[in-house]
Structure formats: structure tokens, C-alpha cells
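Written below as C-alpha cells is the structure these notes are about.
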Amino acid sequence: MIPEMGHFALIIGLALAFLLATVPAWGAWRRNTYAMALAPRLAIGLLVFVAISYGCLTVAFLQDDFSVSVVAANSNSLLPVIYKFSAVWGNHEGSLLLWALILCMWTAAVAIFSPQLPLLVLSRVLAVMGGVGVGFISFSLLTSNPFARLLPSIPADGNDLNPLLQDPGLIIHPPLLYMGYVGFSVAFAFAIAALLGGRMDASWARWSRPWTNVAWAFLTLGIMLGSWWAYYELGWGGWWFWDPVENASFMPWLAGTALVHSLAVTEKRGLFKSWTVLLAIFAFSLSLLGTFLVRSGVLTSVHAFATDPARGMFILVFLAIVVGGSLVLYALRAPAVSSRVSFSWVSRESLLLFNNVVFTVATLTVLFGTLFPLIVDALGMGKYSVGPPYFNAVFVPLMALLAPVMAFGPISRWKRDSTQRWKAELLLPGVAAVLCAITLPMLQADYNLWVALAVLLAAWLVFGLLRDTWFRMGGAAGFPRGLRRITPSYWGMVLAHLGFAACIIGVVATSQYAIEHDLKMSPGDTDSLAGYDFRFIEVAPVRGPNFLADEARFEVTRDGEFVAFMAPQKRRYLASGSIMTEAAIDPGVFRDLFVAMGEPIGDSGAWAIRLHYKPMIRWMWVGAIFMAFGAFTTVLDKRYRRQRSRAASAADGAEYAR
Amino acid sequence: MHPVRKQRLYLVLFIIVFSSAAVGLVTYAMRGNINLFYAPAEVAEGKAPAGQPIRVGGMVVEGSVKRADDSLETRFEVTDYKASVAVVYVGILPDLFDEGQGAVASGKLDSNGVLQASEVLAKHDENYMPPEIMDALEQSGYDHKGVKQ
């Protein structure tokens, strides 16, 4: 009964989404206030029904209702409850429903938290989001119904959740990632609304900016969690594989990063308007493309599910409508929103422009590398694959180009600045950065030029930021009163840029200093790497809730001092019979130790063992967390709230309502 | 020239120069960093070049997996049921690698026609089959259990 209720609620949701896409849009066109005023209510109703539907599916999982085919294929009565909860989105059908639910959450959030928006704009924004909702809910209902039953032959027990997904990191990775992906639909909806209205000014950017920053922050966290999960769960110690599906989440992030920066220019200076609109369309289209790549199964990837060609076709058509439609609208309307303000070459505008060019080019090169195998295959020229060396060769130089310019950004002035001032401001940070680059890598035994370069770039960024913060607070005289003068959006920028610096250090130090040993070890053997002695004590059988495992036990010492006890496992899951490696990790600020088991070798009790020493790998993830929290912080800025109280006086709204 | 136009011109020039540099970088990076997939039957016909990075995939032949006793070396054969290719890999194989399952190995063919693999990918869930293997099997006219269609 409950699954049918869920199915029914989803159908009602589709109807509401359809109404949301049409009625307010019609109202905005005919200037019908009643029709427009329906938009926020429809948005909330839509959320309620999709949430009911999602709740019903969750209940089916918790109750082990194996008559529902999704539950039978992805759950098991022995599965721990927390994983039954996350199993809902550990499969194609459920993850699409989650996607639809999050879209409805964003739609309702726009409806609730935007009383400052003129009704005309709000109704257009919500209508666009309703349209996207129609696409996704009908995709779910027509091609991948999560509530389909297996009648009359109900299996006695389920197939179990893929063991790779039975992990705490995977409980929150997909929802966060989707929050980011789908969050760009808000930026997209604002952009389309602006094109429809033919009007775009500083207040447009001010409305759109907090939403974009929040979506970007979620996407950052989602990608970071994915990388962290790959590191400790996939069992071979890598943290980024340039896998097509990783790229699918990374491309919207790159485009989103460009968007976040170009919105700053649009808000503060009223420039780059049509470019900002194009980026918003681009970022959301890449989110949709990502969905297509993941869901259609056209690519070989860790994330690919068993697939059905109808699904790929549906998303491809949907993608064509969204991209095609919005680009046509853009072509028709963009001239109307273009700007007529000039700026000098030595100014913050041109620095942000540089940022935009770099990130756009980075997006395009990743896009090219990801789609190349598909295009060549479609042309019948063979089945190629593009590996990590390509992406590293293209991406790393681009980022290295970006970092030196980044230090100038915060310190520079809008409209016109002077190189003399830059020189005066940044001389000290520059000297300090060079000193760091010369000295810090000496802490390691052999001086590594790549690490020195990374330290140079990161220190240059950090000291530049410190100099600017110092300057803004009014120097030593202004402390501590001056600190309060600094706005949350500035703090957010500082946090995010510091995070980027931490990422540079983490990525380069890990890739340069990491030591990996794959070897055969028997109990009693010892292997040393980077000064740590790993002693293999024994292998013992262990029983988990839904698996049996061989557990290898290691004692790690350094110069005779005890460091850690590590116990990686080789698990065999009972329901599916699949084998899984569970790595053991001893984390630290400056180094991680990583042990994983391969297969047993021979009959003497020896195993293939993988030992890794990974310096500073955490810096990368901590850096990503900094970036995300930076973006969240900007939303606290008073100017986004001030706008609301002013709008309450309706002076602003009147000119829009006309 | 009008200053705004002049600025726009410089802007366009900058973007063109920057993008061509990027295109150059991409072309450079593409050389040697992409590899082509061959079905075992194609390797047997001698279509695959020796000494160049390629990928070969198919089903792992039952009973062909032989692990060395004193190192991490593993030998196995992949087949599309028309022909088989011998593969040697030194290292730790992925969890889902098994006899009778699909696998894609990337590496270089040596002079004896053995693929010296630097990486082996296995499928990641029960029902999933890499598209390349799917196509290779389709062309050989067998399904993944080796039954003639």
C-alpha cells in the first residue's frame, strides 16, 4: 500500500510541477497578479508531495518490503538500518527521486526566503524551476519508476546494497553533491527570468549571488567527500582518478567557480552581464550533462549502473531542450541586457576576467577530454580512452597560471588601479613567499622543485591575503575595532582563498612525496617506508553484521616507538558474495599511513599487501572545507538582508510590477 | 578607435591567444595519453600494434588465472570466445576481478603477443558490464556466458 501512495504522491507532484511551470509564467506574461501569486504556494505544495513520495520509498526500505523491485535489488534484511536509509539513493531510481526532492527543496526555499523579490521576477524564477521539475519527475515516472513491484514472485530476501556503498561517507556524499548540482538550477532560473524580463541590474546579481554561492559550497563539499571516500574505500589509495563521472561533477564546479566570480563583477560594477547569464546556463547544463553521463551508462566508470537506453535518450532530449531553449532565448535577448561601462586594464575587473577565462578554458578542456571517447566512438573511429596524464598535463598548468594572479585580486581596486600601488602593497608578501619557498621544502631530505613552486604560490596567496586584511582593518591602530568593520563576504573570500592555498600544498606534497609499496608479506615480516616500520603480526577471521572478513593486523613503529595499530580487512559480503577491501588508515595533519590487503599468495599464509605513506593529503580536503565554509559565510553579509527590509517598503518592487 | 571598442578588441585578442595556447596544450597532452581498445579477436589477427599503449578486454578465461608464489605477478587470459589474449600483471588486482567475469587490461603488447598490463579494471557491480566488452562480445556473436547467439 505504502509504495502505491508514494507513486501516487509523485504523480500529484508532477501535476503541481506542471502547474508551477505554466500558470505563473502565463501570469507574468499577462501581468496577472493572482496567477503570479500562486507560484510560491505551488512550490511548497510540490515539495510536500515529492517529500511524501520520497518518505514512502524510505519506509519501504526500512520495512524490508522486497516486493518493491528497487528494495529487493539494493537492500537486505541483514543490512544495518543506517545503510537501509542511504540505500534509498544508492541506486538509479532512488537517486533520481532524491534529485527531484532536492530540486523541490531549492524551489520551495526560493519561494520562502525571497520576500524581497518583486513578484514578477519570483514567479518567473519559480516557473523555470517548475519546468525543470517537470523534466525530472516525468523522467522518474516514465523511465525509472522507483515504486515498481515484483509481483507475484516476491523474493524472500534482497540482493543487498553494493558493499562499496556501505560506508558512512557515502551516506552524505550523494545528497551534498545533488544539493550542489541542483542548486545551480536556481542560478539558471534567475538567469532565464532575467532574459525573459529583458532586465538585469545590480539587484538581479544581488538576488542570484547568495543562491549561487550556497550551491557552489554544497558542490565543493560533495566533491570533496567523494574524493575522500574514493581514498579510503576503493582500497588503492588514490584520491582523484579523472574518472568520467568525477569529471561530470567537476565541470559544473569549474563553471560555477567562474560564475561566482563573474557575479561579483556584475553585482558591484554592473559589468559582464550577458557573460554571467551565459555562465549560469552553462553551469546548469553541465550539471544535466553530468546526469546524462552517469545515468546513460555510455562511459566506463566506477559510478555506472546497469542501464537502459531509454533513460539515456530521455535525458539527452531533456538536455537538448534545456540547452537549446535557453541558448535561443539568450541569442534573442542577450543584447538587451548587455552593459556599457568601461574599466581600465589595471583593475579588479580585469583580474576577475582573467579568472573567468582560466576557469572557462579549464572547463572546456575537461569537457573535451571527457567527451572525446564518446565522439570518436560515435564517428566509428575506434574506442579510445583518455587517461589521467591528459588531464594532469592540461589542468595543472592552468591552475599554476591562476595562482600568481589570485594574490592581486583582493588587494586591487575596482575600475582603475595602479601598478605602483600593487608593487608597494605586495612587495613584502612577495619577499616572504620567496623565503618560504626556499626554506620550507628543506624540511624534507631532498629538495623538491615542484613542492618549492607550490609553496611559493600558496605562500604568495596567503601573505597577499594577510596584507590585505591588515590593510582593511586599518593596521595595528585599528585592531581590534577594525576587525568588526570587515564584512562577512570579505571573510568568506579570505577563507575560500586560504582553502585554495591549502589545496595546492596538499595536492603537490602528496603527489611528490608519497611512497607506495605493493609487496608480498607473511605474518612476522616487517617493511619500512619513510621511517615507519610496519610489522605484520597475524591474519584473523572477523565477523561483521552482514559480512565475514580476514583481518590483517599490523603494528607500526618509528625508531622503536609505537605509532599505531592498523587492521585492514578483506570482506566477503554474505548476501551478494562480493569481495571488498577495507583499508586501514592512520590519519595525521602532516602524514597518513595506509594499509590495504590484496589477495592471499600461495598456501603459506602470505598476502599481497599495499603500504602507503601519504604526506599532507588531508590539507586538500581541509582546503575544500575552507572553500565551502567561505562560500557559506558570504551569505551572512548584511547587504543581502538589508535588501529585504528595503523591499518591504515596496519602493523597489513597484518599478518591476509596473 | 573608440576606447570601448579598442578594449573589446584587446579582450578578443587576449582570449584568442589564450585559447590557442590551451588548444596547443590539449593537442600536446592528447598525444601518447590516449589508448585504443582492441577485442581479443583483433589482437589475434595482428591488428593491435606492439609496444604502444592499448587496452584489451573480454571475459577472464576460467582456470587461466595463475598467481606466482613469490611475487605479485598474475597471469591470465581474456577472451571474446573467438580468440584469447594472455595478460601479465604485477600488482594488486581489483576486488571484483575473477574468472568468468569481464575485465579490461591496459598496457603494451610484447614481442610474444603477451599484454604487459599496467592496470586492470574489473566491473564494479553485479550487473554492470563495461561497454567495450559488451561490443566485443556482440561482434564475436557470444553472450557473456560464452553461449553462441
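From the backbone N, Cα and C atoms, a Cβ is placed for every residue, glycine too.
Nobody curates TrEMBL annotations by hand; they come from automatic prediction.
Among the features that TrEMBL reports, domain 'Cytochrome c assembly protein' is placed at A:89-296.
Annotation source TrEMBL lists domain 'Cytochrome c-type biogenesis protein CcmF C-terminal' at A:316-638.
TrEMBL lists A:6-29 (among others) with the feature transmembrane segment.
The transmembrane segment annotation in TrEMBL covers A:41-62 (among others).
Feature annotation from TrEMBL assigns transmembrane segment to A:121-142 (among others).
If you look up TrEMBL, you'll see A:178-198 (among others) marked as transmembrane segment.
Under the heading transmembrane segment, TrEMBL lists A:210-230 (among others).
Outside the transmembrane segment (A:250-266), and at least 6 residues removed from its termini, the chain residues within Cβ reach (under 8 Å) are 180-181, 184, 187, 200, 202, 204-205, 208-209, 212-213, 215-216, 219-220, 223, 272-273, 275-276, 279-280, 282-284, 286-287, 289-290, 349, 352-353, 355-356, 359-360, 362-363, 366-367, 370, 631. Positions annotated as transmembrane segment by TrEMBL: A:250-266 (among others).
Among the features that TrEMBL reports, transmembrane segment is placed at A:275-294 (among others).
Feature annotation from TrEMBL assigns transmembrane segment to A:314-332 (among others).
Within its own chain, the transmembrane segment (A:353-375) is flanked in space by residues 242, 244, 247-248, 250-251, 254-255, 257-258, 261-262, 265, 272, 275, 279, 282, 286, 293, 298-299, 383-386, 390-391, 394-395, 398-399, 401-402, 405-406, 409, which lie at least six positions past its ends and keep a Cβ under 8 Å from the stretch. The transmembrane segment annotation in TrEMBL covers A:353-375 (among others).
For A:426-443 (among others), the entry in TrEMBL reads transmembrane segment.
Annotation comment: TrEMBL describes A:449-470 (among others) as transmembrane segment.
What TrEMBL lists as transmembrane segment is A:490-515 (among others). Using a Cβ-Cβ cut-off under 8 Å and counting only residues 6 or more beyond its ends in the same chain, the transmembrane segment (A:490-515) has close neighbours at 213, 239, 399, 403, 406, 410, 444, 448, 450-451, 453-455, 457-459, 461-462, 465, 469, 472, 529-530, 612-637.
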Non-local residues, at least 6 beyond the ends, that sit with Cβ under 8 Å of the transmembrane segment (A:426-443):
407-408, 411, 451-453, 455-456, 459-460, 463-464, 466-467
Do you know the mean pLDDT across the domain 'Cytochrome c-type biogenesis protein CcmF C-terminal' (A:316-638)?
88
In terms of Cβ proximity under 8 Å, which residues at least six beyond the ends of the transmembrane segment (A:314-332) contact it?
132, 135, 139, 142-143, 188, 191-192, 195-196, 274, 277-278, 281, 284-285, 288-289, 291-292, 295-296
Grab the same-chain neighbours of the transmembrane segment (A:6-29) for me: Cβ-Cβ under 8 Å, and only residues 6 or more beyond its ends, written as numbers and ranges.
35-39, 42-43, 45-46, 49-50, 52-57, 60, 97, 100, 104, 107, 120, 123-124, 126-131, 133-134, 137-138, 140-141, 145-147, 196
